[in-house]
Every structure is written in structure tokens, then in C-alpha cells.
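Q: Below is a structure I'd like to ask you about.
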Amino acid sequence: MSKGPGPGGSAASSAPPAATAQVLQAQPEKPQHYTYLKEFRTEQCPLFVQHKCTQHRPYTCFHWHFVNQRRRRSIRRRDGTFNYSPDVYCTKYDEATGLCPEGDECPFLHRTTGDTERRYHLRYYKTGICIHETDSKGNCTKNGLHCAFAHGPHDLRSPVYDIRELQAMEALQNGQTTVEGSIEGQSAGAASHAMIEKILSEEPRWQETAYVLGNYKTEPCKKPPRLCRQGYACPYYHNSKDRRRSPRKHKYRSSPCPNVKHGDEWGDPGKCENGDACQYCHTRTEQQFHPEIYKSTKCNDMQQAGSCPRGPFCAFAHIEPPPLSDDVQPSSAVSSPTQPGPVLYMPSAAGDSVPVSPSSPHAPDLSALLCRNSGLGSPSHLCSSPPGPSRKASNLEGLVFPGESSLAPGSYKKAPGFEREDQVGAEYLKNFKCQAKLKPHSLEPRSQEQPLLQPKQDVLGILPVGSPLTSSISSSITSSLAATPPSPAGTNSTPGMNANALPFYPTSDTVESVIESALDDLDLNEFGVAALEKTFDNSAVPHPSSVTIGGSLLQSSAPVNIPGSLGSSASFHSASPSPPVSLSSHFLQQPQGHLSQSENTFLGTSASHGSLGLNGMNSSIWEHFASGSFSPGTSPAFLSGPGAAELARLRQELDEANGTIKQWEESWKQAKQACDAWKKEAEEAGERASAAGAECELAREQRDALELRVKKLQEELERLHTVPEAQTLPAAPDLEALSLSTLYSIQKQLRVHLEQVDKAVFHMQSVKCLKCQEQTRAVLPCQHAVLCELCAEGSECPVCQPSRAHALQS
């Protein structure tokens, strides 16, 4: 039980190097791993044949039920090669019937249900960590007991390599170049690498991220199936499940189509009646290369191995954020996500047609995400670039296509393999602290006492609307304002200034002194992950007033759901070309509510020093206050006026709407429970009706049988009544009273019956014993048959002795 299923215990026929020969030895396998590698889905379930298997729906049985679920056992032969490739799929395999013209001898991978031949191959089974959580029993919360990925270091196993792959790895380590040959004769990583390099040399535009997003897997492959490696290494599609509709021609959301994807499996896109006009994703390729999800999360291969076998065709981000230090390099020195680099394509357990688990993405860095969305290579661009047309000059400008900003916010799931809360919180706080260092101080001349103020304003500029950090800062600023002692009014004070401000203090200096006092008390370490989670939850709720900024509606569809991720990612993902933006002063200019004159003065003067927000526009911390991120400790001086009343009314309406939605959800749950109960009762009633119908049919058959029997008895009775029978003779005096014809009739009947009686008597005498007249006659030794066996033992034959016969007859 300790040996792997592969028999590769002997060396290859051509003596390989020592390192290769050592690896070719059969590695020990854990008993559970050995069981799955050898027996999982290789035999048909005997209970399913008897219609007794309880693990059919949902299908969690250890054995296969239908032929297209059958898995061939992967074996490494004595020559060091696998019995079928772990990477190249067979083009003749019928996924519906599970049949291949070459049968089990086919050297290519069969795309069985659940892709079990690839996932449970010696090359990939349990070689990567699962991205999903582990329950109390140690099983995967997503894939259950049969998860093909490891849940912990104790569950990991070393991959079994093909001899050609080992030779390619040794040649790569020795600095030798791999001899070019056919794709089928190369290892998985070497063949993919060679094919990608050839494609990039033929079409250099594949190195551009925007070109990949717009054209990857949108055109059919023109090469013969045997000459193309297929999968991720080829940017063209080979079947309907590999095809991707171009987002430039077709507008569809990032959510999977319910008619195509059932559970975790992607079915045939032809099952959707809408075809290419469907508004949802039909393949995994369409979902992972959707503009809302593409490059939104980090590549796990880059983080763990430092290389990715998919190269420019990877749907996940490869660029790490620049090192954060006091001496920041200029933005031009930071590489762009589209710049090609020396990438080593090593064999990986990544998916063949799509980059899936165990090459799962991890948490995206906030600064890297912002730089990616804005098209800049460094966070310094985010803070120092002025607003205007220059912000649109992005290397990812073509990633977002028209019509996507009208999608409903927060209505879709997140990308596969999204980050966990602890990772997001750590990265989020880390970038908050470092943005102040990265912020240049070249907006306008400042005194020596102001350098500390600018980074703190930058921190406020990058905080999302409704963030607990913003609320705490607003509370601190309000407290500082309230703690400032009133100053005597002067004659030179501006009409819009506070009456208590000193006349020789400029308005901007007054506001900056307040901000500096408030931010001195701010410690970013005091804010934990819980506060950030609340920030993300609050930022995902759309504002009921549907405020528009720059003419575009703040609506988007969030990426697909990721196990173990935050509840919402609307702050990180946006369908608009620009990154998420905070509410600008446009919201303050609504005709329903204007702030007081003194507050407008504060807002106007602070805007002159406006720090750049996430959208790159001049904005100040007062915009966060105006957008509804007030702290409970905010001074009433900032909440006075019709604008504050309007905000309070809108907030109340939002709370009421949320309460109504919760009530509707509860009502819907109750109605669903009642509907399920009614459905169950209806099913039970139907079963009872079926049983009653069967009983009724049986009773009807019994009734028909009884009626037939009664009918036969009646016919027999009628026949007996019509047949003339011997009648009992009346008494002698009565005979004289009868007519002569009646007497003749009685006489005739009696003669007939008498003849019948005589015949019966003669027949009985001829077969019965002459002595006892009960037993049947038997043949005596004298060959006479006149007595029975019992009587013949004690009497002599009456025929041989006539006197005896006469005596018997008398």
C-alpha cells in the first residue's frame, strides 16, 4: 500500500542520468492518496446498477455511474512515460457518451465529468494547496471529501514527472537548450513554453494586455488538432467550451449563465437558447478574461514559484508592487503590467485550458490594483498626476468597453481565488501608511511647518467614502475645531469666514492648522481588519440618489464570488475606466441643500490645497463629510443647514429601504419555506394517490373476476333447471289424479333414468370386485379378473370353481 500506482520501478531503456534515474523510482504514497490514485472513479458503482446508490444527486459517489464519468488510472510505464498525457486533451473523445475511438489506449487526456483524469493524475493530484476552507472534519467546504487539492502541508504529495519532463528540467538546470521537436515529444512545460514563444514571435501584440483581453480565445485555431497543444498555450479556441465571445462585439456580464453552468461544472454553451446574445458568461475562459475580473487578483504561481507557465495568457496579475521606502524610484522605472519580462515556463499544476486551481490567485495589493486600473506603474502616479486628459493615457485603456458602467452594483460574484479578510486588511493598512510617503510635495510652496500635513491629507484622499478611518478623522477634526478657543472678531474678516477667526489668519492656514491638529492624533495602527470589513460592506451599498460624477453613473458589476473573501468588493472593482471615486463637490451643489456661508468658505479654501483622491481629481476631506461619512461626534456646526437635513433624510430613506428589503427577504424566505412544504405535501399526496390508484385497480380486477364467476354459476344453474330430471313420484292416490299424458311423460322419464341406472350398474359390476363390490378388480394368477387383491388372498377364483361363483352370485 505504500507504493504509488505507477510501476515505474525500473530505469528507462536508454540509461538516463543519475538524477533522472533516482527520480524515476516509484515514490511512496500515503494510503489515502494511493487509494484515490488507483481506484477513484475507475469502477462502476454496483449500488447504482441496482438503483440503490444514495450519492447520485448530488453526485458524490466514489465510483462512476455513467460512462462519461469513468476515469482511466494514470500509470507511469517502465520507460518513464505516462499511459496518457496529463496536459494534452483528446479531440476524438465524446464528452456526452464517454467513448473514444482509441479506447483506453488513447495517449491523450479525456475530458471526463469533473475533469477527473487530469485532477487525479499522478502529475497533479494533491500537488497544490486548495483555495477553499477546510471544515471540522478536514474536508473541503467546496469540493467535499473528494477534493483533488491538498488541505494542509500533511496532505501534500510530490508530483510524478514524465521522463521527458525530467530531462527538460535537467537540461534547463545545466544551461542547455532543449532540442526542438514535435510538440507531442516535449514535456508539458517545455511544449507550452515553445508554443508561446512561437506565437509571440509571430504576433508581438499578444504581449499587450489590452490585446489579450480583446482577442484571446475569440478566433478558431487553424492548426490541425494533433499539431496544436491547445489549452492556455494557444490563444485560439478549439471547441465550444474553449471559445470566448469578444467583449468588443458582445456585451455580457461576469456572472455564469445558469443554463450552462450547473454547480461547479461548465456545460455545453449550446444549451443556452440565447446563444451569443446571452448576457452571461458561457465558459470559464469568458469569465476569467472578463474586463471586470481580468488581472484583478495575483497569480499564485508567481507568488510561490516566481514563474508562471501561462505567460502573457495568464488571467491573473504578475506584477508585484514596488518596494515601499523613503527613497522611491520614479514612476518611469516601474514596470508596466504589459511589459514583457524573462518568464521561466516551468511545469505547473495549473489548469490546461484556463488558469484554475491550484494556480489560484491571492489577495490583490491595493496600490497595485489602483495602478492597474489607472494605467500607472507606481502609486506615485496616482498622487502626483494632475487631473485631465493625461490620466486617460493608459496602457490598459482598452480593458473596459462601452456599456459596462450600466450594470447593477454588487450584483455579481467575485473572481475565483480572491483574497481573505486578513490579507486584505494587512495590505489595506500598509498602503494607507505608505501613500503619505509616496505623495510628492510639489503642488504648491509650503512652509517648513507643513510637510507633515500633506501626507496626512493624502491619506484622507485615498480613503473610500464611508470608511471608518474617514469617520474617525472627521470626528478628530471636529473635536479640534470645537476645542479651538474663540478669537475676537476683526474688521478685516472676510464675509464668508467664521466670526470667531482672527482677521490676520488666512482661511487656508486656519483650515490646515485644524487638519494638522486632527491628523496628529490619528494612528493608523488603531484600525484593524474588522473596521476595514465594515468599510467594504458600507461601500458596496449604492446611494439612493444615484449621484453622477463626470457624466457616468457610479454603477458596476462586481467580479464573481471567491470563497473566503470579503462580502463585497465594490471598492476594488469597477466597470468604469477610472478607479473608484469619492463624491466630489458636485454633490454639494444640489439645489435642495446648500451649506451655510461659513461652511462654504471652509470648503472652498481647503479645495485650494486639495489632495488627490482615488480618481485623480482635486478633492478634499470635506467631500467625505458631505458624502455622508459623518462621525457620531461631529459638531452641529457642520451639520446645520438644509444640506445636512437632506443628507439625514436620504440616510433615513436608505435605512427604511434596507429595512423594507430585509422584510421582503424574510417574507420571501417564509414563502419559499411554505412553498417547499406545499410541494412536499403535494408529492406525498401524489404518492398516496398513486398507491390508491394501484389498490383501486387491483380491487377492480378482483371484482371483475368475481362477476365472471357469478355469471358462470348462474349459467350452470339455468342449465340445471332446463334439463328434465327424475321427479319424485307422487303417492299412489295422487297418480290417479294426473292426466294420462302426464303419466306417459313420467313413465318415459323414468324409463330413461332406469336405462341410465342399468348402464351404471352394469359398468360398476364389470370393474368392481364380485365379493366386496367396492375395490377394483385385479388380475389373479389364473389370469382371471373378478376379485380384488384383498379378496383374492382369502378366496379362490370363482371362475375356476363355478360352484363358488354361483354361490357368490346368489
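Placement of Cβ uses the backbone N, Cα and C atoms for every residue, glycine included.
On a predicted model such as this, the values are computed, not experimentally measured, just so you know.
Found this in Swiss-Prot, in case it helps:
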- 643-727: coiled coil (COILED)
- 10-19: compositional bias 'Low complexity' (COMPBIAS)
- 241-253: compositional bias 'Basic residues' (COMPBIAS)
- SER240: phosphoserine (MOD_RES)
- SER374: phosphoserine (MOD_RES)
- SER378: phosphoserine (MOD_RES)
- SER385: phosphoserine (MOD_RES)
- SER394: phosphoserine (MOD_RES)
- SER631: phosphoserine (MOD_RES)
- 1-24: region 'Disordered' (REGION)
- 239-265: region 'Disordered' (REGION)
- 478-497: region 'Disordered' (REGION)
- 84-113: zinc finger (ZN_FING)
- 124-154: zinc finger (ZN_FING)
- 215-241: zinc finger (ZN_FING)
- 251-285: zinc finger (ZN_FING)
- 293-321: zinc finger (ZN_FING)
- 766-801: zinc finger (ZN_FING)
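Context for these features, please: burial, neighbours, distances.
A: Around SER240 (phosphoserine), the same-chain residues six or more apart in sequence whose CB sits under 8 Å from its CB are ASP268, PRO269, GLY270, THR283, listed in sequence order.
In terms of DSSP helix, strand and coil, the zinc finger (84-113) has 4 helix, 4 strand, 22 coil.
Note: the zinc finger (124-154) comprises 2 helix, 5 strand, 24 coil (DSSP; helix = H, G, I, strand = E, B).
Mean pLDDT, taken over the zinc finger (215-241), works out to 81 on the 0 to 100 scale.
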Q: Per DSSP, what is the helix/strand/coil residue tally across the compositional bias 'Basic residues' (241-253)?
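A: The composition, in the requested order, is 0 helix, 0 strand, 13 coil.
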